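Notes follow once the structure below has been shown.
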Amino acid sequence: MKTAIFTVVLALAVFAVLSFGWEANEKALSEEFTELIHEKEAASETEARGCRYFWGECHDHMPCCDWLVCRYKWPITYNICVWNRTFPEK
């Protein structure tokens, strides 16, 4: 009986250690992913864009790309660029 209880306690201790290690690894991966997203976001902000892309917010001073048109779509409260059913010429 003592052996069975000792085995159960030992198994619980092993599971606790493994789950703690897994949680620490998961947190490190989450931090790396967040840093990667911030780097990509910063890189895309530095690019100069001449037009707004699909589902991008548009106004007179922010035109859509050639194959898109600026439309008001409910329930969105601002104008967005939507496809005008044409394809861009290459």
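Each residue, glycine too, has its Cβ placed from N, Cα and C.
Around the Cβ of Cys65 (disulfide bond), 17 further Cβ atoms fall within 10 Å across all displayed protein chains. For Cys51-Cys65 (among others), the entry in Swiss-Prot reads disulfide bond.
A strand conformation is recorded for Cys70 (disulfide bond) in the three-state DSSP classification. Counting every protein chain shown, the number of other Cβ atoms lying within 10 Å of the Cβ of Cys70 (disulfide bond) is 18. Feature annotation from Swiss-Prot assigns disulfide bond to Cys58-Cys70 (among others).
Here Swiss-Prot flags Cys64-Cys81 (among others) as disulfide bond, drawing on similarity to another entry. Residue environment of Cys81 (disulfide bond) contains 22 other Cβ atoms, counted within 10 Å of its Cβ in all protein chains.
Per Swiss-Prot, the feature signal peptide maps to 1-19.
The Cβ of Cys51 (disulfide bond) has 14 other Cβ atoms within 10 Å, all protein chains considered. Among the disulfide-bonded residues Cys58, Cys64, Cys70, the ones whose Cα sits within 10 Å of the Cα of Cys51 (disulfide bond) are Cys58, Cys64. The CA atom of Cys70 (disulfide bond) is located 5 Å away from the CA atom of Cys81 (disulfide bond). Recorded residues Cys65 (disulfide bond) and Cys81 (disulfide bond) have their alpha carbons 8 Å apart, per Cα-Cα distance.
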